[in-house]
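Quick look at what Swiss-Prot lists:
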TRANSMEM  3-23  transmembrane segment
TRANSMEM  25-45  transmembrane segment
TRANSMEM  59-79  transmembrane segment
TRANSMEM  96-116  transmembrane segment
TRANSMEM  122-142  transmembrane segment
TRANSMEM  149-169  transmembrane segment
TRANSMEM  178-198  transmembrane segment
TRANSMEM  201-221  transmembrane segment
TRANSMEM  237-257  transmembrane segment
TRANSMEM  274-294  transmembrane segment
TRANSMEM  326-346  transmembrane segment
Amino acid sequence: MNPLIFTMILLTVMLGTAIVMTTSHWVMAWIGFEMNMLAIIPILMKKYNPRSMEASTKYFLTQATASMLLMLAIVINLTYSGQWSMTKPLNSTASIIMTLAMAMKLGLAPFHFWVPEVTQGVQLSSGLILLTWQKLAPMSILYQISPTINLDLLLLMSILSILVGGWGGLNQTQLRKILAYSSIAHMGWMTAIMVYNPTMALLNLAIYILLTTTTFVMLMVDSSTTTLSLSHMWNKMPLLTTAILTIMLSLGGLPPLSGFTPKWMIIQEMTKNDSMITPTIMAVMTLLNLYFYMRLTYSTSLTMFPSTNNMKVKWQFNNKKLTANLSPLIILSTLILPLSPMLALLE
């Protein structure tokens with residue numbers, strides 16, 4: 001793709017998200033979602049092949065359906081309240097439909113089926129945008145309508161997402177699918193706390209984006225897309241392999257790494273609101289995520305595969321720019337927990 005055209009498309013994606021996050025008019029929010037959706041499709045098809053075409057089509061159909069539900073919710077709210085403003089409380093029916101639309105855009109269960117398939121069908125760089133930047137706009141809408149969200153519906157989808165995210169990743173060997181199921185589980189944690197403390201949900205989103213970005217950049221350095229290719233990494237880049245071990249354990253939520261911080265805070269906040277059973281179920285189901293990440297780190301870093309000269313040639317083609325950007329990302333992805341006492345300021 002022409003670099004100038006790619007830059008324009010990328011700017012359009014950012015502009016669409018910025019419109020959704022800053023507007024106070026429902027129609028402008030819908031327009032922002034449409035701009036974002038239409039601009040991201042060429043990015044998903046950057047490497048043109050049948051798999052990327054299929055992934056882009058699945059993404060388009062899912063997002064178009066979600067946009068239709070969003071417009072339906074806007075029209076219902078207009079019928080009852082006569083207001084286009086996002087600052088006014090939503091009608092209960094409109095709130096439920098809008099929650100379902102945002103769940104579809106985020107990939108929450110039971111609307112999660114498109115996430116692994118689309119992520120697997122695109123390049124690593126496109127998958128990074130899909131699993132990080134594309135979560136910002138729907139989360140900002142959920143943040144704005146959080147006072148009127150149906151708590152039971154949101155908690156049901158959250159618990160289902162955590163279960164599906166852990167269960168679906170158990171038998172995967174494709175790294176992009178593993179990260180997609182991990183994304184579904186993380187979205188479940190974020191939406192679970194959205195009604196109780198929306199600010200904490202945004203903090204959780206920021207840490208999730210940081211961890212996922214670090215993981216994708218590491219995989220792009222090595223051009224690894226399967227667990228088998230990742231298992232040969234120790235012979236070429238032992239330091240980077242050690243870093244991948246800690247980042248993946250952080251994504252799984254193992255203390256004292258950064259990924260444990262949001263889970264700890266969410267469980268603490270939910271117990272403060274006299275909710276005991278839900279956080280217990282969520283914590284137990286997260287062990288599934290931790291299990292497949294520990295299995296991945298074992299095969300990557302704790303076992304030595306036979307080394308051949310052909311395997312060692314690949315280091316010459318590493319992207320030096322990506323490697324230079326990894327140091328601050330790795331530090332932040334593993335050492336946020338010591339700063340967590342400062343998070344008391346959120347209360």
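Don't overthink the numbers, they just go from 1 along the chain as shown.
Note that Cβ sites are derived from N, Cα and C of the backbone, with glycine treated the same way.
Touching of the transmembrane segment (274-294) and the transmembrane segment (178-198) is concluded from the presence of at least three CB pairs under 8 A, sequence neighbours closer than 6 excluded. Among the stretches 3-23, 25-45, 96-116, 122-142, 201-221, the one making the largest number of Cβ pairs under 8 Å with the transmembrane segment (59-79) is 96-116. For the transmembrane segment (3-23), the partner stretch with the highest count of Cβ pairs under 8 angstroms, out of 96-116, 122-142, 201-221, is 122-142. Same-chain residues lying 6 or more positions outside the transmembrane segment (96-116) and placing a CB less than 8 Å from one of its CB atoms are 33, 58-59, 62-63, 65-67, 69-70, 72-74, 76, 90, 134-135, 137-139, 141-142, 145, 149-150, 153-154, 157-158, 160-161, 163-165, 168, 176-177, 180-181, 183-184, 187-188, 191. Annotation: stretch 178-198 has the most Cβ pairs under 8 Å to the transmembrane segment (149-169), among 25-45, 178-198, 201-221.
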